[in-house]
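Listed in TrEMBL:
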- 1-388: domain 'Major facilitator superfamily (MFS) profile' (DOMAIN)
- 20-42: transmembrane segment (TRANSMEM)
- 54-73: transmembrane segment (TRANSMEM)
- 79-109: transmembrane segment (TRANSMEM)
- 116-137: transmembrane segment (TRANSMEM)
- 149-169: transmembrane segment (TRANSMEM)
- 181-207: transmembrane segment (TRANSMEM)
- 227-246: transmembrane segment (TRANSMEM)
- 258-279: transmembrane segment (TRANSMEM)
- 285-304: transmembrane segment (TRANSMEM)
- 325-347: transmembrane segment (TRANSMEM)
- 359-381: transmembrane segment (TRANSMEM)
Amino acid sequence: MMCYSILGPFFPKEAEKKGVSNTVTGMIFGCYALFDLLASLVFGKYLVQIGAKFMFVAGMFVSGGVTILFGVLDQVPKGPVFIAMCFLVRMADAVSFAAAITASFSILAKAFPNSVATVLGSLEIFSGLGLVLGPPLGGFLYQSFGYEVPFIFLGCIVLLMIPLNMYILPNYDSDPGEHSFWKLIALPKVALIAFVINSLSSCFGFLDPTLSLFVLEKFNLPAGYVGLVFLGLASSYAISSPLFGLLSDKMPHLRKWFLVWGNIITAGCYMLLGPIPVLHIKSQLWLLVLILVLNGISAGMSIIPTIPEILSCAYENGFEEGLSTLGLVSGLFSAMWSVGAFLGPTLGGFLYEKIGFEWAAAVQGLWAMTSGVTMGLFYLWEHSQRRRSKLENILGTEEERTALLPDEIQP
């Protein structure tokens, strides 16, 4: 996650020096997600055939190598050659990241089947730490040693982790399942949760190309301090995720409330991030950081229950309990996250240029509001359907008893 988040504080400015527009910078951030999407679908489908452990280790190896390669891109001539190389390296990184993440979700869900949300919530502490430490560490190393050092340093750390994971991770054998992604996404509840994942990841992705530029222009902070602004979002997400994971496992009925209200609170955060001009609230650094902290909590509330909800829905609809279904679900999560992570930076960079950060953030907030309200309406409909079927069962039982009663009275 540090390799993913390190670009935020300084890459947009470095890209500007090489003659890259904000829209193209947004597309460089966004193309990562597009290839992550395609790779996640393939790896999720063929997880059993490839092997979860091999997929994870191979993904880490390639990711470490291409992170180091990204560090030498400042030697490339500016203009189209620089842009093309940025796209190529980001694409390779995306495919390797998809392999590692899809395999890791499946390994964890297989190892801890009764506490999936708790384990994923605990894992998000480290995802959050990566998001927290990436921007300030990247900003510090960039200011102190130049462009190359942050990437070479992190790439080497990833490569050093490989022998440890090869030793620790178990091998899981499983048979390929009969179900496909299309059968999974065709379930209405799964499709709506996929839309929620989509909107939340686009909210995160939107901040990558826009927030650092907004903070630099508005508050005149140096690059090293810009990374600290991202700290509020990632640290609150890391701290709140295990709590929401534990609650999701202990009290599954709360998951629907987390999904709905998490999205609605996220929408409110994006309206206040600028803030939106119609509110006539002056933009201040302390307010921006406070909103980012609240956004981190609401994101944890919404994201953590998604995989347990998809898994329970899949099992209810006849999907087999095993590694093949876990591969499909983790692949679907990664793919839907990637769609949002592509659209967020791409549209974010474009809207930032056209209408400014304040209105662009408000447009992004509308997406989260739509997904939250839609999910809430579905849960209300599902609740009414269950009540109706329960009532029909009670009435049917009463009718059967009434029909049988005269026969029972006869001598």
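Glycine is treated like the rest: Cβ placed from N, Cα and C.
Automated prediction, rather than curation, is the source of TrEMBL annotations.
Here the transmembrane segment (54-73) does not lie next to the transmembrane segment (258-279) in space: the count of CB pairs under 8 Å, restricted to residues six or more apart, is fewer than 3. Beyond the ends of the transmembrane segment (285-304), by six or more residues, the same chain brings 117, 120-121, 124, 128, 196-197, 200, 203-204, 215, 219, 229-230, 232-238, 240-241, 243-245, 248, 258-259, 261-263, 265-266, 269-270, 272-273, 275, 372 to within a C-beta distance below 8 angstroms of the stretch. The domain 'Major facilitator superfamily (MFS) profile' (1-388) scores a mean pLDDT of 82 in the predicted structure. Between the transmembrane segment (181-207) and the transmembrane segment (79-109) there are fewer than 3 Cβ pairs closer than 8 Å, counting only residues 6 or more apart in sequence, so the two stretches are not in contact. The stretches the transmembrane segment (258-279) and the transmembrane segment (20-42) are not in mutual contact, being linked by fewer than three Cβ pairs under 8 Å (pairs 6 or more apart in sequence). Sequence-distant neighbours of the transmembrane segment (359-381) (same chain, 6+ residues past either end, Cβ-Cβ under 8 Å): 188-189, 192-193, 195-196, 198-200, 202-203, 206, 210, 256, 259-264, 266-271, 273-274, 276-277, 302, 344, 347-348, 351-352.
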